[in-house]
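Trainee: This is the structure I have questions about; it appears just below.
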Amino acid sequence: MAIGEIKDVERGEIVSKVEEDLGKLLLKKVASRDDQDEESETSESYLMVLFSTFVAVCGSFEFGSCVGYSAPTQSSIRQDLHLSIAEFSMFGSILTIGAMLGAVMSGKISDFSGRKGAMRTSACFCITGWLAVYFSKGALLLDVGRFFTGYGIGVFSYVVPVYIAEISPKNLRGGLTTLNQLMIVTGSSISFMIGSLVSWQTLALTGLAPCIVLLFGLSFIPESPRWLAKAGREKEFRVALQKLRGKEADITKEAEEIQVSIQALEILPKARILDLVSKKYSRSVIIGVSLMVFQQFVGCNGIGFYASETFVKAGFSGKLGTIAIACVQVPLTVLGTILIDKCGRRPLIMISAGGIFFGCIITGTSFLLKGQDLLLEWVPILAVGGVLIYVAAFSIGMGPVPWVIMSEIFPINVKGIAGSLVVLVNWSGAWAVSYTFNFLMSWSSPGTFYMYSVFAAMTIIFVAKMVPETKGKTLEEIQASIKRET
């Protein structure tokens with residue numbers, strides 16, 4: 001929606017007044033909302049929300065397929081294409097470089113063409129990338145294909161959780177948004193298992209399937225009502241919201257809340273990157289950026305990208321190790337999906353970070369014992385046990401929760417640019433970790449895991465001090481509470 005410029009003095013007075021009125025209106029609406037309205041909602045009214053979520057998380061499955069591709073294929077690709085460890089590290093990490101570019105553009109793409117348009121764009125890039133990998137005869141085309149899939153999942157990593165958060169009723173939002181991470185780990189786990197059985201070229205072709213399902217499914221689901229309202233498409237906004245809530249549902253209250261929040265934002269000038277450092281948005285930006293930094297610097301992509309070689313270095317079977325990771329990831333992410341709207345975001349992420357801390361300490365200690373030639377028969381057991389504890393803990397909280405919070409804490413007028421910044425930070429960290437992991441392990445395997453454990457401990461402290469609980473609140477209520485705490 002085009003937003004006109006207004007004078008600073010007028011803007012300050014009007015924005016202040018609108019924000020005050022918005023806060024009062026939201027509090028009034030929350031106070032007047034009775035339990036009878038909640039009980040009147042039926043499972044039938046959620047069918048389109050669930051179907052739309054299923055279609056969107058095909059992009060998350062694609063994300064996982066791309067991330068999981070390098071772990072089971074490392075030895076075969078290096079052997080077939082005669083790649084050095086540095087060349088394969090570039091292949092593994094160039095995915096994150098493409099994702100950085102996708103992250104930078106994700107907010108603009110999704111704001112301009114809508115959430116569905118952004119998902120279509122992502123799917124096309126991923127299809128092109130997988131075909132390039134399949135036909136590769138050398139490092140160049142292999143890297144180009146990996147870069148293209150990276151660009152696609154960089155956009156997916158922003159637009160999928162945002163779309164789900166914007167279409168979901170508040171009582172389902174946490175669980176449905178967490179399905180994003182569930183499908184990421186499912187895609188990654190399936191890549192691990194299939195990659196242990198088929199060639200790397202065949203595994204590349206399997207990456208096409210979720211993109212095709214996504215492109216087909218997008219024809220049958222509605223656009224985000226909040227995006228339609230922001231774009232000034234009033235009739236389509238109400239049609240989409242009605243479709244998502246069920247044809248018999250009364251959408252009057254929810255539509256009013258969304259429109260009031262949009263109207264409050266209409267008088268603001270177009271968001272710029274410098275606006276993110278203003279006091280109004282600083283708390284949300286600090287929370288979003290910091291959570292993504294911690295998520296990456298506990299080492300998730302280093303361990304995930306090169307899991308097979310890590311197990312081999314500890315004296316354990318690489319194939320069995322990656323299959324074990326696949327078996328742990330999915331059920332623990334399912335458990336996290338169930339718990340996120342029961343336990344809340346804060347407790348879940350702190351428990352998860354604690355588990356990551358202990359997993360890193362155990363794994364680092366196993367490599368320390370190996371380096372000192374002590375208790376060698378325990379080294380593989382400790383290494384595998386430590387990595388599996390790490391993966392289980394990451395899957396239940398540190399994996400999904402930052403994405404859920406990111407989709408909730410930014411007001412819609414800065415969601416595009418702020419979301420792009422946060423996802424860019426995430427992928428920058430992913431590149432740093434995935435590219436340096438092999439070199440760090442060559443320098444000091446124990447030191448690598450002990451370093452990751454320090455970031456896990458810092459996560460606990462940060463969440464306890466800075467991160468608000470968003471469970472059970474509408475997106476508009478979350479904004480009102482963040483403004484009060486700023």
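Placed from the backbone N, Cα and C atoms, the Cβ positions cover glycine too.
Checked TrEMBL, it gives:
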type	residues	note
DOMAIN	52-471	domain 'Major facilitator superfamily (MFS) profile'
TRANSMEM	46-71	transmembrane segment
TRANSMEM	83-105	transmembrane segment
TRANSMEM	117-135	transmembrane segment
TRANSMEM	147-165	transmembrane segment
TRANSMEM	203-221	transmembrane segment
TRANSMEM	285-308	transmembrane segment
TRANSMEM	320-340	transmembrane segment
TRANSMEM	347-369	transmembrane segment
TRANSMEM	381-405	transmembrane segment
TRANSMEM	417-437	transmembrane segment
TRANSMEM	449-467	transmembrane segment
Trainee: Against the transmembrane segment (203-221), which of these stretches has the most C-beta pairs under 8 Å: 46-71, 147-165, 285-308, 320-340, 417-437?
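Mentor: Looking at each of 46-71, 147-165, 285-308, 320-340, 417-437 in turn, the most contacts to the transmembrane segment (203-221) are made by 46-71.
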Trainee: Could you check whether the transmembrane segment (381-405) packs against the transmembrane segment (285-308) - three or more CB pairs closer than 8 Å, residues at least 6 apart in sequence?
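Mentor: These two stretches do touch.
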Trainee: Using a Cβ-Cβ cut-off of under 8 Å, list the residues of the same chain that are 6+ residues beyond the ends of the transmembrane segment (46-71) and lie near it.
Mentor: 88, 91-92, 95, 119, 122-123, 126, 149-150, 152-153, 156-157, 159-160, 163-164, 167-169, 172, 176, 179-192, 195, 203-204, 206-207, 210-211, 213-214, 217-218, 220-222, 243-246, 301, 304-308, 322
Trainee: With pairs fewer than 6 apart in sequence excluded, do the transmembrane segment (285-308) and the transmembrane segment (347-369) have three or more C-beta pairs that lie under 8 Å?
Mentor: yes
